[in-house]
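**Student:** Questions regarding the structure given below will be posed in turn.
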Amino acid sequence: MKTFKGIASAKDMRVAIVGSCFNGPIADALVSGAAQTFLELGGAEDRLTIVRVPGAFEIPCTLKKLLTSGIEYHAIVACGVLIKGETTHYDHIADQVSARISELSVEYNLPITFSIITAPCVDSAWQRAGIKGSHLGVSGMRTALEMADLFKKL
C-alpha cells in the first residue's frame, strides 16, 4: 500500500497570492502573513506573485486570469475579508466567491486555498488574522504548499 502526503515547503515552488483590499488592515495582515510564510518555508521572492484586487468579489476573475496567463503556478492563495452587515450582500458575496474558487481549483487541477475570512464582526475577523489565535493567511499558504507538494507526488 502506498500513502502520499505533501510537506509545506516553498522550495522551487511558484505561488501567487490574490488578496482583496477591502477591510484594508485585516486584508493586509492576511496577505503579508501568507507572503512571509512562503519566504520562511524556503520560497524565493521572484517566484511569488502578489495581486491586490478591490474586493473579494474580484478574486475569482483574477484567479482565472492568472490560471490562463501561461505562467505555471503550483498553488494560489486567495485572501480576503468579508464582514457580515445588516443586508444580505455578505451572504451573496461569500457564497459566490467560495463556490467559484472551489470550481476553479477543480477545473484547473490546482490547489487554491480559501484564506478569506467570513466573520460576523470586525473583532472576529481580527482574531482570524493572527491577533488572537490562528492566522488564516499563514495557514492558507502552508496548506497551499502542502497540496502543491502532494500534487507533484501523485
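Here the Cβ of each residue, glycine as well, is placed from N, Cα and C on the backbone.
What Swiss-Prot records for this protein is below:
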BINDING   PHE22, ALA56, PHE57, GLU58, VAL81, LEU82, ILE83, PHE114  5-amino-6-(D-ribitylamino)uracil binding site
BINDING   GLU86, THR87, ARG128  (2S)-2-hydroxy-3-oxobutyl phosphate binding site
ACT_SITE  HIS89  active site, proton donor
**Student:** According to DSSP, collapsed to three classes, what secondary structure does PHE114 (5-amino-6-(D-ribitylamino)uracil binding site) have?
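**Tutor:** Once the DSSP labels are grouped into three classes, PHE114 (5-amino-6-(D-ribitylamino)uracil binding site) ends up as strand.
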**Student:** What same-chain residues, at least 6 away in sequence, bring their CB to under 8 Å of the CB of PHE57 (5-amino-6-(D-ribitylamino)uracil binding site)?
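**Tutor:** In sequence order, ILE93, GLN96, VAL97 meet the Cβ cut-off.
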**Student:** Which of these binding-site residues has the least crowded Cβ, counting other Cβ atoms within 10 Å: GLU58, GLU86?
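**Tutor:** Selected from the binding-site residues GLU58, GLU86 on minimum Cβ neighbours within 10 Å: GLU86.
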**Student:** In this structure, which of the binding-site residues ALA56, LEU82 has the fewest other Cβ atoms within 10 Å of its Cβ?
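**Tutor:** Lowest Cβ count within 10 Å among the binding-site residues (ALA56, LEU82) is LEU82.
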**Student:** Counting only other Cβ atoms and using a 10 Å cut-off, which of the recorded positions HIS89, ARG128 scores lowest?
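**Tutor:** If we count Cβ atoms within 10 Å for the recorded positions HIS89, ARG128, the smallest count is at HIS89.
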**Student:** Could you state the whole-number distance in Å separating the C-alpha atoms of the residue listed as 'active site, proton donor' and LEU82 (5-amino-6-(D-ribitylamino)uracil binding site)?
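**Tutor:** Computed Cα spacing between the residue listed as 'active site, proton donor' and LEU82 (5-amino-6-(D-ribitylamino)uracil binding site) is 10 Å.
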**Student:** Please name the residue among the binding-site residues VAL81, ILE83 whose C-beta has the most neighbouring C-beta atoms within 10 angstroms.
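**Tutor:** That would be VAL81, with the most Cβ atoms nearby.
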**Student:** Need one number for the (2S)-2-hydroxy-3-oxobutyl phosphate-binding residues GLU86, THR87, ARG128: the maximum pairwise CA distance in Å, whole number please.
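**Tutor:** Greatest Cα separation within the listed binding residues comes to 23 Å.
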**Student:** From the Cα of PHE114 (5-amino-6-(D-ribitylamino)uracil binding site) across to the Cα of GLU86 ((2S)-2-hydroxy-3-oxobutyl phosphate binding site), what is the distance in angstrom?
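**Tutor:** For GLU86 ((2S)-2-hydroxy-3-oxobutyl phosphate binding site) versus PHE114 (5-amino-6-(D-ribitylamino)uracil binding site), the Cα atoms are 24 Å apart.
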**Student:** Max Cα distance spanning PHE22, ALA56, PHE57, GLU58, VAL81, LEU82, ILE83, PHE114 (5-amino-6-(D-ribitylamino)uracil binders), Å?
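**Tutor:** That value is 16 Å for the farthest Cα pair.
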